[in-house]
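According to Swiss-Prot, the feature heme b b562 binding site maps to His83, His182, an assignment based on similarity to another entry. For His97, His196, the entry in Swiss-Prot reads heme b b566 binding site, with the evidence type similarity to another entry. What Swiss-Prot lists as ubiquinone binding site is His201, and the listing cites similarity to another entry. What Swiss-Prot lists as transmembrane segment is 33-53, 77-98, 113-133, 178-198, 226-246, 288-308, 320-340, 347-367, and the listing cites similarity to another entry.
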Amino acid sequence: MTNIRKTHPLLKIINNSFVDLPTPSSLSSWWNFGSLLGVCLAVQIMTGLFLAMHYTSDTTTAFNSVTHICRDVNYGWLLRYLHANGASMFFICLYLHVGRGLYYGSYTYLETWNIGIILLFAVMATAFMGYVLPWGQMSFWGATVITNLLSAIPYIGTELVQWIWGGFSVDKATLTRFFAFHFLLPFIISALVMVHLLFLHETGSNNPTGIPSNSDMIPFHPYYTIKDILGFLIMLTTLSLLVLFSPDLLGDPDNYIPANPLNTPPHIKPEWYFLFAYAILRSIPNKLGGVLALVLSILILAIIPMLHTSKQRSMMFRPTSQFLFWLLVADLLTLTWIGGQPVEYPYIMIGQVASILYFLTILILMPLISTMENQMLKW
């Protein structure tokens, strides 16, 4: 008798995706982050669901409802901090996952890559709207500053901003709709994840060498299920340590002050995972230029497949390209640091240099070095 997992209509899909899936035998730990992102999404949806049961999306009670969750709800503090720090873990895994794709040339799977970019935007939008919900000072002013950027769009900018706000400033209508979208988007993300996996399983996984591995495949289970479980344990341990020992390490103390439209905080800044993009935005003196640079800093990922000039897929055997890749990583870390600093000398200048270097590395230096490597190998 054939095993039920191979014949049952529903189990067959799961089997072909997670059990009998032919997988390259050489995958390193860098391939763990996809499954870790799945765990992050599950944790966020579960904790978020329970938080939503006690949260009220009204400007007069939102801040107090979060306080109530932390003080009066059984393990409410745990739910709240798991959700807040879970978002940080989500973005750490997300950036490492994208970085892996860049390093090993996974972007040549165009459909998978493009759905991944849409997912990145969706997760960023969800996180931004979630940060507004506690209705602290940074929630309110962060929402005001970021939504106000849309007013830089010619002709329709002002109307667009007021349409999003649902009034003439960030207020009750804004908070209510942000809560609605923050609740809805994770389920849309879940659907997109399935499409992402669907496209990935059409082509099969890439591997560290970048060379087709059709002749050397192993089943996903038990080899990679065990490997993924180790990843889960490491990530969940890290998250637990963060939540239980320093839950506010990555947050902003200003968000413990209730939102006050009459009092602007000295330094308005988003959560740490958006600081690199915020630094790029601030480094351009023109409002519209800054907004375009902000969007392009992420959207640039979409044109990376077109900029691939190397005859090799992966950077594994390309030391010069590796140097540029790590230069880009260092540049992004510099931008993250700058995004959290006040707008004054020398931070403005460092931010401008780092922003130029970011676009220069991706658009010009990487394709140029790849072509040079081809020449050196007489290809």
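Every residue gets a Cβ built from N, Cα and C, even glycine.
For His196 (heme b b566 binding site), the same-chain residues 6+ apart in sequence whose C-beta sits under 8 angstroms from its C-beta are Thr112, Ile115, Gly116, Leu119.
For His201 (ubiquinone binding site), the nearest neighbour among the binding-site residues His83, His97, His182, judged by Cα separation, is His97. Listed in sequence order, the residues of the same chain lying 6 or more apart from His97 (heme b b566 binding site) and placing their CB within less than 8 Å of its CB are Phe33, Gly34, Leu37. Within the chain, the transmembrane segment (33-53) has long-range Cβ neighbours (under 8 A, six or more residues past its boundaries) at 69, 79-80, 82-83, 86-87, 89-90, 93-94, 96-97, 100, 182-183, 186-187, 189-190, 193, 228, 231-232, 235-236, 239. Sequence-distant contacts of the transmembrane segment (288-308), counting only residues of its own chain at least 6 positions beyond either end whose CB sits under 8 Å from a CB of the stretch, comprise 98, 102, 105, 107-108, 110, 113-114, 117, 120-121, 124, 149-150, 152-154, 276-278, 280-282, 355, 358-359, 362-363, 366-367, 370.
Minimal Cβ crowding within 10 Å, among the binding-site residues His83, His182, His201, is found at His201. Taking pairs at least six residues apart, the transmembrane segment (77-98) and the transmembrane segment (226-246) share three or more Cβ pairs below 8 Å and count as touching. Same-chain residues lying 6 or more positions outside the transmembrane segment (178-198) and placing a CB less than 8 Å from one of its CB atoms are 17, 38, 41, 44-45, 48, 52, 55, 57, 112, 115-116, 118-119, 122-123, 125-126, 129-130, 132-133, 143. Sequence-distant contacts of the transmembrane segment (226-246) (same chain, at least 6 residues past either end, Cβ-Cβ under 8 Å): 29, 32-33, 35-36, 39-40, 43, 78, 81-82, 85-86, 88-89, 93.
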